[in-house]
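A.B. asks: Shown below is the structure under consideration.
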Amino acid sequence: MESLASLYKNHIATLQERTRDALARFKLDALLIHSGELFNVFLDDHPYPFKVNPQFKAWVPVTQVPNCWLLVDGVNKPKLWFYLPVDYWHNVEPLPNSFWTEDVEVIALPKADGIGSLLPAARGNIGYIGPVPERALQLGIEASNINPKGVIDYLHYYRSFKTEYELACMREAQKMAVNGHRAAEEAFRSGMSEFDINIAYLTATGHRDTDVPYSNIVALNEHAAVLHYTKLDHQAPEEMRSFLLDAGAEYNGYAADLTRTWSAKSDNDYAQLVKDVNDEQLALIATMKAGVSYVDYHIQFHQRIAKLLRKHQIITDMSEEAMVENDLTGPFMPHGIGHPLGLQVHDVAGFMQDDSGTHLAAPARYPYLRCTRILQPGMVLTIEPGIYFIESLLAPWREGQFSKHFNWQKIEALKPFGGIRIEDNVVIHENNVENMTRDLKLA
């Protein structure tokens, strides 16, 4: 494999080209990209955990340092002012010296408010991208050039197409997350609580709970019916029935986002349903290719859900086509088939049809779908189907013409297991689809 340094060099060349095009289109001279700042909790002197501006970490793998600035014009070497205070209260990151620093001019910034004297004097044609608009105004940036929508839409659109450097980072994030999932399954099998399973996961991935790309979903039994369950019970349940883990990792600012579901016993209907969802997920991925709308794959999986509802006699005396047509599959899979993935877990531009930001909304029947793009080489997406037993979604179906088709006794028997979700991260290539997750043998 090419070294990360050579991949990064090509990555920077790609970002420079995109920057040149964006600046020419919107008649700007340069972009000033701010890593961000620490913000204190209300009425406190303690800051929230720092989360870097994703447009900043697209350029440099600096994810933990506030008050940094990048100046890019698409022609000259990117200039990074790296915050390096004299501070005996807090840890100070040293000036970077790594695989990427040859391609960026790195300058120490000893005082956060010292950036103003270091920037070009003429700033009327510089665009600011960052989370603190008032800081940009203080620096003399024109209000109309603060987070200009056209520029951001343009950059977001092309972020969908990952460079080889980005894919290399995402494969490393996969490795970390896979290690975590294996450790978490072992913790589940040994009878640990959600809280302790989460600690096992973080230990295996080398993350703190503030460093993972999203809050880990560690859900035992009926908690698996809560799509974004993040409570973490300290006490293990008396009976272990099921375990849903939706947890990722981050490498150089790039995310992995994986989900697995396990049954405590291998000889019940729930365990067979887990296996069947897994098989259907893999079967769907095997059909994926460039040139097809992501929406089509979402709709296709509802047809696969119907097949499983029929096989397991959860819905009876109704054709699979009628189930989908009348949305009887809807309460069982109330989320999209997945989403774009990259610098952010729910990565940007899922609805953008072109680099002008043309928006194509999700279908009215599936408003929670996060992507309506035509799949193209370089895109990275999650494929994460599920089947859940959520009373608030099932309740409206307990009355009316379709109620008789629901096997309510079977549903009640499955509700204590919560639900099932299986999630892999895939890369669209010209002639194939790479499953980064399964390539690491995560069952």
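Numbers here mean position along the shown chain, with the first residue as 1.
Cβ coordinates are placed from backbone N, Cα and C, and glycine is handled just like the others.
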A.B. asks: Which candidate from D246, D267 does Swiss-Prot annotate alongside D257, E423 at the Mn(2+) 2 binding site?
C.D. replies: D246
A.B. asks: Which one, E186, E194, E222, E384, is listed by Swiss-Prot in the same Mn(2+) 1 site as D257, H339, E423?
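C.D. replies: Candidate listed by Swiss-Prot for the same site: E384.
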A.B. asks: Give the sequence-ordered list of residues that share a chain with D246 (Mn(2+) 2 binding site), lie 6 or more positions from it, and have CB atoms under 8 Å from its CB.
C.D. replies: N216, I217, A219, D257, L258, T259, R421, E423
A.B. asks: Take the mean position of the Cβ atoms of D257, H339, E384, E423, the recorded Mn(2+) 1 site. Which other residues of that chain put their Cβ within 8 Å of it?
C.D. replies: D246, L258, T259, G338, L341, T382, I383, D424, N425
A.B. asks: These are the binding-site residues: D257, E384, E423. Which one scores highest on other Cβ atoms within 10 Å?
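C.D. replies: When each Cβ's neighbours within 10 Å are tallied, D257 leads.
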A.B. asks: Specify all same-chain residues, apart from the site residues D246, D257, E423, whose Cβ lies within 8 angstroms of the center of the Cβ atoms of the Mn(2+) 2 site, ordered by sequence.
C.D. replies: I217, A247, G248, L258, T259, T382, E384, R421
